[in-house]
Each structure stands twice: as structure tokens, then as C-alpha cells.
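Q: In case it's useful when we look at the structure, here is the feature table from TrEMBL:
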TRANSMEM  65-87  transmembrane segment
TRANSMEM  99-118  transmembrane segment
TRANSMEM  194-215  transmembrane segment
TRANSMEM  221-246  transmembrane segment
REGION    277-297  region 'Disordered'
COMPBIAS  280-291  compositional bias 'Polar residues'
TRANSMEM  306-324  transmembrane segment
TRANSMEM  367-384  transmembrane segment
TRANSMEM  405-422  transmembrane segment
TRANSMEM  459-478  transmembrane segment
TRANSMEM  490-514  transmembrane segment
TRANSMEM  534-554  transmembrane segment
Amino acid sequence: MAARGAREERRPLVARRPRAPRRWRRTAAAAVLLVETLERAAFFGVSANLVLYLNGASFNWDGQQASRAALVFLGASYLLAPVGGWLADAYLGRSRAIALSLLLYLVASSLLPATAFVDGRRSFCGEMPVSPLAPACPSPDCTRVSPTPYCAPTLYSGLLLLALAASSIRSNLTSFGADQVMDLGRHASRRFFNWLYWSINVGAVLSLLVVAFIQQNIGFLLGYSIPVGCVGLAFFIFLFATPIFVTKPPTGSQVSSMLKLALQSCCPRLWPQHSVRDPQGTQPLPNQRSPQPGPSPQEDMANFQVLVKLLPVMVTLVPYWMVYFQMQSTYVLQGLHLRIPNIFPDNPANSSAALGAQLGGYKIPEAWLLLANVVVVLILVPVKDHLLDPLLLRCKLLPSALQKMALGMFFGFASVLVAGGLEMERLQYIHHNQTVSQQIGKDMYYAAPLSIWWQIPQYLLIGISEIFASIPGLEFAYSEAPRSMQGAIMGIFFCLSGVGSLLGSSLVALLSLPRGWLYCPRDFGNINNCRMDLYFFLLAGIQAATALLFMWIAGRYERVAQAPTSQSCPSRDRG
């Protein structure tokens with residue numbers, strides 16, 4: 001009996017207990033990554049061909065209107081991120097906020113396939129005015145007034161609801177997934193963000209390869225029904241995996257506390273100097289617990305000081321986001337006016353004339369150019385996670401997140417510079433009347449004889465910039481924020497990303513006014529008289545100037561963080 005008791009004592013009963021939580025933590029993280037993949041597939045399915053959808057014969061929006069709508073949607077999907085984070089922190093909790101956001105996502109995304117056929121458009125938008133596409137204006141003094149965008153109130157309302165749902169998922173699912181692996185080791189969060197970004201791009205590949213092809217060559221009804229199915233599947237998976245998730249109840253939002261502290265700092269005479277959470281200014285006794293949940297007034301002040309230090313770093317990233325979102329707006333518009341080859345060239349020797357004509361009509365989807373960006377991310381993320389980061393860590397050369405972000409801004413600058421050079425070359429053909437007409441879906445575009453493959457370098461450079469700017473940016477926002485403010489800081493990070501997109505949209509709108517570089521009303525659906533090259537070079541100049549400012553602010557932040565008097569949290573991972 002004694003021997004058997006000794007053998008039982010040697011059994012690793014205590015060691016086995018952490019294994020089950022560890023295994024379930026990895027399963028929970030995998031479920032989050034799968035939900036993220038499906039949600040991103042739906043998001044790219046909506047946004048990748050949105051310009052083509054609005055610019056086509058179904059709605060007859062001109063190029064600038066369609067590009068602005070895409071930028072507004074992309075910007076709102078980031079700008080509204082603090083709303084979802086605030087609702088999760090104050091009332092719902094992250095798990096419930098994600099579930100409700102997926103449900104709203106499902107309803108809002110159903111509007112797009114509903115307006116993709118004639119009866120649906122009549123139900124939601126009324127009768128459609130007939131305004132066919134026309135070639136470029138033959139004389140410089142002719143004028144043509146662009147009509148009011150058809151179905152704009154309905155489409156903008158649906159896109160804004162969709163953006164609200166997507167932003168809420170983005171701000172909460174990122175932190176929610178990091179919570180699942182928080183106790184798995186020092187570098188677990190960094191690896192999770194790497195694989196989160198990899199999952200995002202897997203969803204993008206699936207969406208661009210399948211959905212973009214269907215939308216451009218078969219129809220938007222089927223093409224926009226697939227994202228609805230992806231959201232429905234993501235909603236089911238999230239509900240099914242809820243029992244194994246690590247969930248945290250809402251602890252209260254710090255938005256009001258931060259606003260009050262900001263007002264106290266800026267306007268001390270207009271705002272009484274008492275505790276944010278104690279309106280009467282009374283302090284509890286040392287052994288008396290505060291009846292209010294959440295951080296104490298002292299923690300609020302410390303968190304506010306951290307926020308003040310982080311904001312300048314994140315704000316100087318805004319011009320990078322202005323450049324980044326061009327690949328889903330003006331880059332798409334530029335590609336529609338380059339020669340797009342057929343997927344299946346006509347080959348009478350191998351097929352009948354009818355079959356050859358049918359296959360030869362399938363154009364390579366312009367949105368497939370985004371695959372150049374996505375493939376770079378899919379290849380470089382595993383290389384970075386398994387080879388580059390461990391090698392640099394062993395050699396003690398692993399750069400900080402801020403240094404990686406500065407390098408990413410340089411690649412973004414190079415991308416928009418290359419796009420401007422290509423646009424200059426394209427306009428040379430246009431000015432010499434060397435254009436070709438090509439039918440994309442049901443619409444006719446007048447393009448330069450340059451191949452669309454010349455756009456690949458600018459997409460590749462944007463993909464490389466993501467590796468060094470966006471992923472370290474997520475890591476920086478999550479690791480540098482206090483634990484009680486991680487949701488808020490992540491929301492602000494995504495919100496500023498949306499500010500960049502909206503600033504890009506505003507710049508397009510400003511330059512589309514009469515006498516502006518992008519003012520070309522006679523083109524009506526084409527951009528052959530627009531000086532979009534000057535727009536790209538202007539973005540490059542803004543990016544270069546703010547990159548220098550970012551390097552100065554980042555260097556100052558790192559010097560302060562490494563000072564001996566710094567009271568930073570020891571659990572932060574600055575890698």
C-alpha cells in the first residue's frame with residue numbers, strides 16, 4: 001500500500017492541470033483566428049470591388065464618387081472602432097459585443113445582394129436614371145455636370161452600419177484573441193498578432209480569388225451573397241466556441257474619465273480640480289474599498305499620462321493610413337484604365353468558336369492585384385515569426401516596434417511614388433489618343449495600352465509596409481497600454497486608421513472641385529483627363545514629411561521609456 005501510495009504521489013497530477021487550460025487556450029485562439037478569417041473574407045468581399053460596383057451601369061456613379069464612397073466605408077470601418085470598444089467595456093463585455101456585432105454584420109451585408117438586381121434596387125432606391133458611360137471629353141472647354149449619385153442614401157446607410165459592425169469586431173476581437181493566450185508565455189501575444197495578421201490575409205486570398213472573380217465576371221448578386229454566408233458561418237462558430245473562451249465582464253468605460261482629465265489639464269479654471277471618480281472630492285479611507293468598480297482615481301491619472309504619451313506616436317501614423325487605403329480605392333480606379341488581359345485567351349485550335357468567345361470574355365479581376373499585397377504578407381509573416389524574429393532576438397538585434405513602423409512608412413512612401421510614376425506614363429498614352437476600349441462586366445472603360453501588371457510593384461511595396469508598420473503597430477498599441485485600457489487604446493489605434501482613410505477621401509473630394517487636379521466631369525466614369533499622378537505625388541510628400549516627424553517622436557518616446565525613472569509595467573513586451 002505504501003509503494004502504491006508513493007507511485008500515486010509521483011504521478012504528475014499537478015502538472016496535468018495546466019495542460020487542459022493550455023490546450024483549450026490554444027483551441028480558443030484558433031477559433032478566434034477562424035472567425036477573423038471569415039469576417040475578413042466577408043469584408044474584402046464587400047470592399048474589393050465596391051468601386052467597380054458603384055461605377056458600373058447598375059448605379060452609374062462616376063469614378064471620384066465611387067472612390068470617395070469606398071474610402072468613406074473603409075475609413076468608417078476603422079473610425080467607429082472606439083464605439084464598439086466603449087460598448088464592450090461599459091455594458092456588454094467583449095464576447096457579447098462580438099456576437100451582437102456579427103449579427104448586425106449579417107443584416108447590413110444583406111443589403112448589397114438585395115440591391116444587386118433590378119427589383120431589389122427599385123424597392124430600396126426607386127427608379128434608376130439612365131446615364132451610360134461616355135468617352136473622354138473631346139475639347140478642353142466642354143463642361144458636363146455629374147448627376148447626384150443614384151441610391152446614395154440607402155447605400156451609405158447600409159455601408160455605415162456595416163462599417164460599425166466591422167469596426168466593433170475589429171476592436172474587440174483583436175483584444176479578445178490576445179486575452180486567450182495572455183498566460184501562455186512572454187512572446188505569446190507577439191506570435192498571436194503575427195498569426196492574426198496571417199489569418200486576415202488568408203481571408204483576403206479566399207475572398208479575392210473567388211468572390212472578386214464572381215463579382216466581376218458573373219454577377220454581383222452571387223458575388224455579394226458569399227460574404228453574407230461567410231458572416232453567418234463566423235457567427236455560428238463564435239457561438240459554438242463560447243464555452244471555451246476566456247471572458248471578462250464589463251468593468252466600466254474610461255472614456256468619460258479620460259475626457260474629464262483632458263478638460264482638467266486644458267481648462268483648469270473651467271473644470272473643478274477634484275477626483276474624476278469622486279465628484280465631492282472626498283477620498284476613501286485606506287482600508288475602505290471604493291464602491292465603484294474599475295480603476296481608482298490614481299490609476300485614471302496614470303492611464304491618462306500613458307495615453308498622452310501614446311497619442312503623438314499613433315497620430316503621426318495617420319498619413320501612412322492615407323497611403324495604405326489607396327490600394328482599395330484609387331489604385332483600383334487606376335487599374336480599371338489599364339489593359340486587363342483575359343483569363344482564357346481565345347484559342348480556336350483547342351475549342352469551338354462559341355466556347356472560345358465565352359471563355360475569352362472573362363477578364364482577370366482588377367481586385368486580384370490586391371493578391372500581390374496579400375501574398376507578400378502570407379509569405380513574410382511565417383518567415384518573420386519562425387526565422388527572422390528568433391534570429392534577431394538571439395543576436396540581440398531585434399528592433400523595437402517603433403523602428404519597424406518607421407521602416408514600414410518608408411515602404412508606403414515608395415508605393416505611392418511608384419503609383420504616381422505609372423500614372424504619368426498612363427496619361428502620356430491618353431494625351432496622344434492611344435487608348436483601347438475594354439469591357440469589364442457590363443461596362444465599357446477606355447484604357448491605356450499599358451498592362452495592368454505594371455501595378456504589381458506598388459501593391460508589393462504596400463504589402464511589405466504592412467509587415468513593418470501595421471503588425472508592429474498592433475503589438476505596440478496592445479503591449480504599451482495599461483491592462484485596464486487595452487480595449488480603449490486598440491480602439492483609438494483603429495480609429496486613427498480610419499481618420500487616415502477619411503482624410504484621403506476628403507483630399508480626393510477637394511481635388512475634384514472645379515480647377516482641381518481630379519476635376520474631369522466629361523470623363524463620367526473614366527479618369528482619362530484627371531491628374532491623379534499629382535495626387536499620388538502629393539501623398540508621397542505628405543508621407544515623407546510625417547515619416548521624419550514620426551522618427552523624432554518615436555525616438556523621444558523610447559528615450560523616456562528607457563529612463564530609470566520610468567514606471568512602466570514590467571509585463572510589457574516591447575519587442
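Even glycines carry a Cβ here, placed using N, Cα and C.
Nobody curates TrEMBL annotations by hand; they come from automatic prediction.
Just so it is clear, the model here is predicted, and its values are computed rather than measured.
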Q: Is it the case that the transmembrane segment (221-246) and the transmembrane segment (99-118) touch, counting contact as three or more CB pairs under 8 Å in which the residues of each pair are 6 or more positions apart?
A: yes
Q: Of the listed stretches 99-118, 194-215, 306-324, 490-514, 534-554, which one has the most C-beta pairs under 8 A with the transmembrane segment (459-478)?
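A: Out of the listed stretches, 306-324 contacts the transmembrane segment (459-478) most.
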Q: For the transmembrane segment (306-324) and the transmembrane segment (99-118), does the number of C-beta pairs under 8 Å, pairs 6 or more apart in sequence, reach 3 or more?
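A: Output no: the transmembrane segment (306-324) is apart from the transmembrane segment (99-118).
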Q: State the residues, same chain only, that lie 6 or more residues beyond the ends of the transmembrane segment (367-384) and have a CB under 8 A from a CB inside it; answer 'none' if no residue qualifies.
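A: Same-chain contacts beyond the flanks: 44, 48-49, 52, 194-195, 197-198, 201-202, 204-205, 208-209, 212-213, 215-216, 327-328, 331-332, 335, 452, 455-456, 459-460, 462-464, 466-467, 471.
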Q: Any chance the transmembrane segment (65-87) and the transmembrane segment (534-554) have 3 or more Cβ pairs under 8 A, given the pairs are 6 or more apart in sequence?
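A: Counting Cβ pairs under 8 Å (6 or more apart in sequence), the transmembrane segment (65-87) does not reach the transmembrane segment (534-554), since there are fewer than 3.
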Q: Examine the transmembrane segment (534-554) against the transmembrane segment (405-422) and state whether at least 3 Cβ pairs sit under 8 A, considering only residue pairs 6 or more apart.
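A: Yes, since the transmembrane segment (534-554) and the transmembrane segment (405-422) share at least 3 Cβ pairs closer than 8 Å, they count as touching.
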Q: Residue list, the transmembrane segment (99-118) vs rest of chain: Cβ under 8 Å, 6 or more residues beyond ends.
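A: Sequence-remote neighbours of the transmembrane segment (99-118) are 39, 42, 46, 53, 58, 84, 92, 124-125, 151, 154-155, 158, 161-162, 164-166, 168-169, 172, 219-225, 227-228, 231-232, 234-235, 238-239, 242.
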Q: Please report, as numbers and ranges, the same-chain residues at least 6 past the borders of the transmembrane segment (490-514) whose CB is under 8 Å from any CB of it.
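A: Residues 64, 67-68, 71-72, 74-86, 167, 170-171, 174-175, 311, 314-315, 317-322, 324-326, 329-330, 473-474, 477-478, 481, 535, 538-539 contact the transmembrane segment (490-514) from elsewhere in the chain.
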